[in-house]
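Database features, via TrEMBL:
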- 30-47: transmembrane segment (TRANSMEM)
- 59-81: transmembrane segment (TRANSMEM)
- 101-120: transmembrane segment (TRANSMEM)
- 132-156: transmembrane segment (TRANSMEM)
- 168-189: transmembrane segment (TRANSMEM)
- 201-224: transmembrane segment (TRANSMEM)
- 278-301: transmembrane segment (TRANSMEM)
- 313-332: transmembrane segment (TRANSMEM)
- 338-358: transmembrane segment (TRANSMEM)
Amino acid sequence: MVTEAHPLSRPAVPLPGLRFPAVRHLGPNWYASVMGTAILATAGAGLPVHVPGVPGLRAVCAAVWVLSLVLLVTLLTARALHWTHHRDQARAHLLDPSAAPFYGCLAMALLAVGGGAVTVGRDVIGTGAAVALDTVLFTVGTVVGLAAAVAVPYLMTVHHRIEPGQATPVWLLPVVAPMVSAALGPLLVPHLPAGQLRETLLLGCFALFGLSLLATLLMLPLIFGRLLTGGPLPLALTPTLFLVLGPLGQSTTAVGNIADAAPGVVQAPYDQGLAGFAVLYGVPVLGFALLWLCLATALCLRARRNGMGFAMTWWAFTFPVGTCVTGAGALARHTGLVAFDGLAVALYVVLVAAWATAAAHTVRGLVSGVLLAGPTPGPAAPRRATVRTTSGAVR
């Protein structure tokens, strides 16, 4: 969902004796670009068909999904090189409380691309290949997500030394990953043999929904309390406020997708109960998401006026907003209200603008080399409230 803050600094300087120096500072935060690209495709393909749209939108979304798949393969390869040739730095990421939570992004990137395969990627690779790809990515992504949901809080408890005032929305990343599984798992239900396998997967997704929801409810008061008592976040971290939208929009999407898959899979009256729950839960949660969207936007505009430049945290503007698009779409299906159709389209316009902005700045930073640079030693004039670790994170 987003990334470690990595303000533009200077081009990377090759270190003598190191192989593949370009990937030395490539952290798990980079998977956020895959997440943002994948949800741009899936959210666009799921827009209400009766709302006037751009001609050929589905074909464009299919092309965007292919791009997300290419990005995923590229980053998996680069991160494998990182772990192979820069193991000291990789271990440092795990022991850095500002970097470790981003391991949740790996799981969500796998899940987002897999879900996109059966949603829109099937137009390119065929239904059979799409289901096979999603099965693999969903399985691996869910396992990685559950591991991150346990391992990262464990590391933060045992090995990291964190003050109460250091709470940031980044802490949500590892515990939100199971919610992505809960939202995308129901897409595979129709492709399983009828009977207990379908019901097991669907109720398993509902369990993942509860796991992630309760963990998120533990985190949100810490984050909101940090804002009220500690003031605004450092400039480069301000975009991470949009991460709070992730569990809100994704949980609304999850209950909607679970309800869609329930008829004929779970026994009556539970199938109808899930349909009712999708609306009774989704409407108030999406309402709070819109409130938080306004607050986060206001704080980001303030930070921009105060000199907030581009950082990889800008990818936080993409995936979380995309989950609100899919959440609004789920409510539109279950209520039949045109208002939710319009909300989904409006939020998708915001998503497109955010993705285009983040992608353009990322390409520019890659071409210049500054996004892959290590921290500048001993800066003469440090940025206000900004200190980078070797992982490129801002505290």
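One is the number of the first residue shown, and numbering goes on along the chain from there.
Keep in mind that glycine also has a Cβ here, set from the backbone N, Cα and C atoms.
No curator has checked TrEMBL annotations; they are predicted automatically.
Note that this is a predicted model, so its numbers are computed, not measured.
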Using Cβ atoms and a strict cutoff of less than 8 Å, what residues sit near the transmembrane segment (313-332) while being 6 or more residues removed from its termini?
1-6, 32-33, 35-37, 39-40, 42-43, 46-48, 108, 112, 169, 183, 236-246, 248-253, 255-257, 260, 278-279, 282-283, 285-286, 289-290, 293, 338, 340-341, 343-344, 347-348, 350-351, 354-355, 357-358, 361-362, 394
Count the Cβ pairs between the transmembrane segment (101-120) and the transmembrane segment (168-189) that lie under 8 angstroms and are 6 or more residues apart in sequence, then report whether there are at least 3.
yes
So what's near the transmembrane segment (132-156) in sequence-distant terms, Cβ-Cβ under 8 Å and 6+ beyond its ends?
94-95, 97, 100-101, 103-104, 106-111, 113-115, 117-118, 121, 125, 162, 171, 173-175, 177-178, 180-181, 184-185, 187-188, 208, 211-212, 215
Can we call the transmembrane segment (59-81) and the transmembrane segment (201-224) in contact, meaning three or more C-beta pairs below 8 angstroms at a sequence separation of 6+?
no
